[in-house]
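Q: Dumping the structure here so I can ask a few things about it.
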Amino acid sequence: MAATSSSAFLLNPLTSRHRPFKYSPELSSLSLSSRKAAAFDVSSAAFTLKRQSRSDVVCKAVSIKPEAGVEGLNIADNAAQLIGKTPMVYLNNVVKGCVASVAAKLEIMEPCCSVKDRIGYSMITDAEEKGLITPGKSVLVESTSGNTGIGLAFIAASKGYKLILTMPASMSLERRVLLRAFGAELVLTEPAKGMTGAIQKAEEILKKTPNSYMLQQFDNPANPKIHYETTGPEIWEDTRGKIDILVAGIGTGGTITGVGRFIKERKPELKVIGVEPTESAILSGGKPGPHKIQGIGAGFVPKNLDLAIVDEYIAISSEEAIETSKQLALQEGLLVGISSGAAAAAAIQVAKRPENAGKLIAVVFPSFGERYLSTQLFQSIREECEQMQPEL
């Protein structure tokens, strides 16, 4: 296959997961329920047409295998080509009392179930294109709260890189298991030191490891760049430019910076709202501290974060984030992580403001809930299941 840029395969116009929705100006005048019904009718008709004629199906990367005598199949050549083009869905039941519509960008549907799959691919590919790393020779080193590490690990495994990760011991057990399953080496750091401690340990490993290279997700332009090139355009396309407000958690700052910049260039009046933990609300003027919202609230201002892009910060407590995550599963059928709960809680707050009546809010759900089964998010359910006995 011909070489492509780090995001080329992510930007094909249609994918097998991308809804064949055709926007019509007439839809904008309908009520929310009528608009959804109309969109469903159009989508269903388009899908029927697609089934009748499969020759025009385009996936994220159309397979080219001439040596096998088969070309143009709707089959990706490797797992990395499954990244991106994640769907959006309206929230319907947790938004009672809201005057704005809330649509979630489901990054939980990435191949390794988090938004960090995008930057894992982007940072490795960018370093390769610059001649900084070589498969089978270079040792990749990075600090992670888990999801970036997983995104890096599955790409590193497919390309033949050794990967050493540092992670606070407070992160979920599932993260440890997944990282090891992909063959990554894992070094745990003191929970009290947060991501700062993990970064310091990664820097120590970098100094003593030959042929090593640190990807630096908090200070790597390839991070916001991939969101500017892919996530932002996807949200813009799926909302047909009707998005009024963007809500996203702030971890590395890559998602909110890349997406916010792309959309604001096309719609300057877009309002961008960043979400951080109440217990570590440094962007809102607070102090860093321990919290339970894994993936956001690193305790410092990441260099990737463009402060000029963000219009407002909302602090959400760990307890509210956890409870909202639970309600998303129980009421919406969406099993999401704690940071998704935080983002949803913030989006619901914004959607209840009278000045936002009739507006469309897009909120990013970064990761899948199954990665949090050992955390407080599922503690009561886990204890209940552990006590279950077979019926006689």
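In case you wondered, yes, glycine gets a Cβ from its N, Cα and C as well.
Owing to the predicted nature of the structure, the values given are computational and were not obtained by experimental measurement.
Look at Swiss-Prot and you will find 1-60 tagged as transit peptide, backed by a large-scale study or a structure entry. Positions annotated as N-acetylalanine by Swiss-Prot, on the basis of experimental evidence: Ala61. If you look up Swiss-Prot, you'll see Lys116 marked as N6-(pyridoxal phosphate)lysine, on the strength of similarity to another entry. Positions annotated as pyridoxal 5'-phosphate binding site by Swiss-Prot, on the basis of similarity to another entry: Asn147, Gly251, Thr252, Gly253, Gly254, Thr255, Ser339.
For each listed feature, how buried is it and what is near it?
A: For Lys116 (N6-(pyridoxal phosphate)lysine), applying a Cβ distance below 8 Å and a minimum sequence separation of six or more within one chain yields Asn147, Thr148, Ile150, Gly151, Pro366, Ser367. Under DSSP, Lys116 (N6-(pyridoxal phosphate)lysine) is assigned to a helix (H, G or I) in the three-state scheme.
Within 10 Å of the C-beta of Thr252 (pyridoxal 5'-phosphate binding site) there are 26 other C-beta atoms, taking all protein chains into account. Thr252 (pyridoxal 5'-phosphate binding site) carries neither a helix nor a strand DSSP state and counts as coil.
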Q: The record names Asn147, Gly251, Thr252, Gly253, Gly254, Thr255, Ser339 as the residues that bind pyridoxal 5'-phosphate; what is their largest Cα to Cα distance in Å?
A: 15
Q: Fewest neighbouring Cβ atoms within 10 Å: which of the binding-site residues Gly251, Gly254?
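A: Comparing Cβ neighbours within 10 Å for the binding-site residues Gly251, Gly254, Gly251 has the fewest.
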